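First comes the structure, then the notes that go with it.
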Amino acid sequence: MLDQRELVRALKFRLSPVFDAWIYFNLVGSNVLLPILIATFLFAKKVRRHGVLINLCIHFMVAGIFSLIQFYAGQHKLKTVDEGVCIAQAVLLSGMQPMCLLGVAMVLFYIVDSSLSGRQYSNWKHFILLGSPYIVGCTFIITTYVLVITELSATDGSAKSSVVRFGIFDCTLRGAVSESRVVHPEAKQFPSPHSSAAEPSWCWKQLQNRPSVIDLKLIIRIILFASIFVGFCTTRALLFFAFDSIPLYLHASIVPTVVFLIFGSQPDVLRTWLWMKEPTKVETPRFSRISTSWRTARTALWPSQSPAAENSDPRGDQMPNQDLNPPSAAGQAQRS
């Protein structure tokens, strides 16, 4: 049996408009907006996105769907709750947080690595980049399921309240099952001091090895993207400790909608949805310190000549620049 005090407290809260708002944000973002965005990325001919971004949208969509299992079963406001549904939700949600966090980490890694090196990935690296979040999520789910079954078998299934906690929003794990996961949540959610100290030095070495062409727009996009999703990751990590924190749950419920707004507001996606023609591409040179100096050096060495100038001087290909090839003394005497 589940804890009756938790049931009464949760059902009392679920009659409030705050719980309805939480369901609304999860339902709209996970069941409507993100599926539209994923379908656009997969099937639109003029919209192409890397698999790590599509994976990220799928992670948040699945996490939102699993959060609404009681809503789909019609038991989110009932006084009698099916204990099997509650246990299933707790087991499935145990793998969503590490999967979403690793998906965000893979997107950030791909953005930074592609901007620093731009190299092509091999097949097995692509598999690790795209498949590791699913592997980690499934590992957590399977491990949690085995631990729950073992705990229930030891108590003959009568002490479900010691395994599952009926929260005001959803069902979560607690007690020995929650603490005996693959690793402690603290080790999974937060980077170690050694890795945090090594990342800036590694990035600085990579920047030193590259040409110092500064793309300000790319830097701004990376900073905004990292700031937004670090906040999301922090919220998901804090949910391990603050089980019934209303602001954290509401903040996590708007993640699918914010992901849709970030990636669905890009020009090519909007043109696809509005059936607009793609504008004519006008190539404009990118100005930077190195590109400007290279253009100056190239113009000094190989200046562009008009056809008339090329026809008038048959040796024009041999003397690309009069400044670099001054006339000899004999030539000056003949001209004088």
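From the backbone N, Cα and C atoms, a Cβ is placed for every residue, glycine too.
Residues or ranges marked as transmembrane segment in TrEMBL: 21-44, 50-73, 85-112, 124-148, 218-242, 248-265. Residues annotated as region 'Disordered' in TrEMBL: 300-336. The compositional bias 'Polar residues' feature in TrEMBL is assigned to 300-309, 319-336.
Same-chain residues lying 6 or more positions outside the transmembrane segment (50-73) and placing a CB less than 8 Å from one of its CB atoms are 23, 26-27, 29-31, 34-35, 37-38, 41-42, 81-82, 85-86, 88-89, 92-93, 96-97, 99-100, 103-104, 106-107, 110, 126, 129-130, 133, 137, 169-171, 253, 255-256, 259, 263. Long-range Cβ contacts of the transmembrane segment (21-44) within its own chain (Cβ-Cβ under 8 Å, at least 6 residues beyond either end) map to 53-54, 57-58, 60-65, 67-68, 71, 76, 169, 249-250, 253-257, 259-260, 263-264, 269, 272-273.
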